[in-house]
Amino acid sequence: MLKETTAMHPALFQPSKPLLLILAAMLASTFPTATLAAPPQLVGATQKGAGVFVQTCSACHGMEALHYSDLARLAPSLAPQVEAMAKARHQNMDGSITSPYPDGAAARAANWGDAPPDLSNIAATIKGGWYYIQAMLTDYRPAPRGVSMVPGNFYNPIAMTHHRHFHMKAPFAGLSPAEANQKAADVTAFLRWSANPHRTTAHVVAWWGLGWCALMAALIGGMLACLPRRKPPAKT
Ligand code: HEC
């Protein structure tokens, strides 16, 4: 009986080439979990940017939506520095990265009247977004002749598109332009990550989801193609 069935439906019992290909593709697609991390170049910039925040920006800015432990998890090599920073601020690693100043008045007093904003979501909320931040960080220059500066104001034409007076010192003063550009790009990547920490993973998952749908469609199509066709009943 079995023999008869096999003989009747050879396509079902001898896997055809397309079926094998589809099975191989299905096997290959079980590896997405290994690739769920962000692309290496993005991880690198975000991690280096976290370092720039710890070493430079955190002297004036807080990032309340982040905890010290988030930084240590994002960039494990930074852990000792982050621990030292938390300790110096009498916080533990689970504490959020609050402003280094005790209150708004102290922040303004130390910065010529303008409090440094919290940077947690700034890449999403500031006019011009991350592009503005990256450009602003490297656009400090001496004031042109005839422009009078209020005390503690720094000349930065990009920032001047947002402000009449800009009170943030050049954070990368003294570095070569190439180094300053690199640090600005890295810290901006970090600020983009903090404004949307799940973006990269969401993109990767979305692409894998689309891939899966396409694969399933191909699989179903392939199976249908492999099914034995019934001969139409002979006309009498
Ligand atoms: C010495 C203190 C200080 C340091 C260090 C510092 N900032 Fe600031 N930052 C400020 C102050 C003060 C302001 C508010 C300026 C204003 O509104 O005039 C500011 C504003 C900003 C803004 C908002 C700009 C705008 O147009 O509103 C961003 C973005 C920013 N800082 C990013 C950074 C980054 C990134 C770093 C590290 C690379 C950094 N800051 C380092 C003091 C600092």
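The backbone N, Cα and C atoms fix where each Cβ goes, glycine too.
Curation does not apply to TrEMBL; its annotations are automatic.
Note that the structure is a prediction, hence the values are computed from the model and not measured.
Per TrEMBL, the features are:
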BINDING   Cys57, Cys60, His61, Met160  heme c binding site
DOMAIN    44-195  domain 'Cytochrome c'
SIGNAL    1-37  signal peptide
TRANSMEM  205-227  transmembrane segment
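Positions of the features from TrEMBL, shown on the structure.
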residue : record              : Cβ within 10 Å
Cys57   : heme c binding site : 20
Cys60   : heme c binding site : 19
His61   : heme c binding site : 22
Met160  : heme c binding site : 16
Practice prompt. Using only the residues recorded as binding heme c (Cys57, Cys60, His61, Met160), report the maximum Cα-Cα distance in Å, whole number please.
Written response: 20
Fill in: For the domain 'Cytochrome c' (44-195), mean pLDDT (0 to 100)
95
